[in-house]
Amino acid sequence: MNDTLGIALIGCGTVGGGVARVLLAHADRVTQRAGRPLELRRVVVRDPSKSRDPLIPLDIISTDIHAAINDPGVHVVVELIGGTGLAKRVVLDALAAGKHVVTANKALLADAGAEVFEAARRADRTVCFEAAVAGGVPVIRALGESLAANQVTAIQAILNGTSNFILTAMAEGGKSYADALAEAQKLGYAEADPTLDVDGSDAAHKLAILAQIAFGVAAKPHEIARQGIDTIEAIDIRFANELGYTIKLLAEAWTGGHSHSGNGAKLSRSGAVPAEPTVALHVAPVLLRHTDLLAQVRGAYNAVLVYGDVVGETLYQGPGAGQMPTASSVVADLIDLGVGRAQRTFAAAKLWSREDRGFTVEPPERVRSRFYLRLQVVDRPGVLADVTRILADEEISISSLVQHEAEEEGGGPVPLVVVTHYASTGRFRKALDRITRLPTTAAAPVFFSMGD
Ligand SMILES: NC(=O)c1ccc[n+]([C@@H]2O[C@H](COP(=O)([O-])OP(=O)(O)OC[C@H]3O[C@@H](n4cnc5c(N)ncnc54)[C@H](OP(=O)(O)O)[C@@H]3O)[C@@H](O)[C@H]2O)c1
């Protein structure tokens, strides 16, 4: 048998605990797949008195990050602390000490990918991060290796399981947003502070990483236009359903100067190489037809649809988080390092390097889409005419209108749903500003893109 690959686990919480379990409980399988033993030599935590998996020998647990990184028997440092402070220090120190790094930390890569990967290249070491996007779904390998013959033309993805769980509970259980969120928290799918999940930040981090692999663009998460699910009300779910649609929080990348349908999606989806090397990135709730593949992804699952110019459309789906699914991806990275595949792929991919692949990020105003717009309007003559005139001023035509009769007599505000034909986001927002200021508009308008 070849040389042992020594591993230091920095962080042994949810994911780290799962990684330790797979390495220790399935040592024979892992050794066979890697062609050499993978030895868990050190486990570093904040509080060594916490109870851990009984398979972890107590004498390898410590709080000494420095000693773990500099142990000559350690070849790979697995960073599973999370965050962008100490985690970044650990990763940079490990690379400087000549160790390969495996991480599940999307925030770190999205924020500091260029710095981390440059440090890796300087040290001639490898950084693996399959678990950083979509947990147990092997989408990093799919994009970087299996689809290497393609230019990716579009990505549409459900990358936040918490949001998808909430939207599923609203659509199928008829729950309000608040009740669905409370259920997600009770079942452990949502954190006590769910902000980063429901406001689209977490999905934006992951989209930034996918966009780097697929298009070579280094978009910072804050540069990605995003809208969360916290503005979605049960009434929107019902109207969407009535129109034949399901609402999903999507992270999307569209090449070729457009988004969603109209020319852009047809081009992107047909796999034609985009005439314009631009890519639009955004995270937002999108109305998908019930028959759309992504509309059928339920609960806390993740799914990534990738359109490639050679292959066409491919779909990757599975558990996007959780202890063992995430550990599955981390251990796959360790096995790839053991085999030596990861090193060669990493050297060839030149991720976050200055090598320009020609794509630039398109400003969100140019992205074209159809829109669902829900207004709360005072029920009196002329309201509809005002709204249609403002949309017409921006050359936006209406595809359908839904208005139910007021439940009570007396002219209180009633919901009015307008579905538009294709329009640029910029022009739609201009119209929206004016509609918001109409004296008959009784509440802030709610709007979402349509996925067709
Ligand atoms: N959880 C998931 O489903 C999931 C999925 C995909 C990716 N990820 C990513 O995986 C990473 C880890 O997440 P997690 O959920 O496993 O986190 P976690 O359960 O909070 O575990 C964090 C670990 O880091 C240790 N730690 C924290 N501060 C430390 C310090 N100063 N020195 C030494 N150790 C320290 C903690 O020690 P103690 O045990 O002593 O507290 C704990 O073992 C994050 O980047 C996250 O984004 C998580």
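Cβ coordinates come from backbone N, Cα and C, glycine included.
TrEMBL annotations:
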type	residues	note
BINDING	Ile10, Gly11, Cys12, Gly13, Thr14, Val15, Gly16, Gly17	NADP(+) binding site
BINDING	Lys106	NADPH binding site
BINDING	Glu191	L-homoserine binding site
ACT_SITE	Lys206	active site, proton donor
DOMAIN	372-451	domain 'ACT'
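Around Gly17 (NADP(+) binding site), a 10 Å sphere centred on its CB holds 20 further CB atoms from the protein chains shown. Other residues of the chain with a Cβ within 8 Å of the Cβ centroid of Ile10, Gly11, Cys12, Gly13, Thr14, Val15, Gly16, Gly17, the NADP(+) site, are Leu9, Gly18, Val19, Ala20, Val45, Leu80, Ile81. Within 10 Å of the C-beta atom of the residue listed as 'L-homoserine binding site' sit 12 other C-beta atoms, taking all shown protein chains into account.
Close to Thr14 (NADP(+) binding site) in the fold, though at least 6 residues off in sequence, lie Gly322, Gln323, Thr326, each with a CB less than 8 Å from its CB. The recorded positions near ligand 1, defined by a Cβ under 6 Å from one of its atoms, do not include any of Gly17, Glu191, Lys206. Separation of the C-alpha atoms of Gly17 (NADP(+) binding site) and the residue listed as 'L-homoserine binding site': 19 Å, rounded to the nearest whole number. Most other Cβ atoms within 10 A: among the binding-site residues Gly11, Gly13, that distinction falls to Gly11.
Computed over the domain 'ACT' (372-451), the whole-number mean pLDDT of the model equals 91.
Gly11 (NADP(+) binding site) is 21 Å away from Lys206 (active site, proton donor) when you measure Cα to Cα. Recorded residues Val15 (NADP(+) binding site) and Lys106 (NADPH binding site) have their alpha carbons 13 Å apart, per Cα-Cα distance. Distance between Cα atoms for Gly11 (NADP(+) binding site) and Glu191 (L-homoserine binding site): 19 Å, as a whole number. For the recorded site, Ile10 (NADP(+) binding site), the DSSP three-state label reads strand. Cβ contacts within 10 Å of Val15 (NADP(+) binding site), excluding its own Cβ and spanning all protein chains shown: 26.
If you take the Cα of Gly16 (NADP(+) binding site) and the Cα of the residue listed as 'NADPH binding site', they are about 15 angstrom apart, rounded to a whole number.
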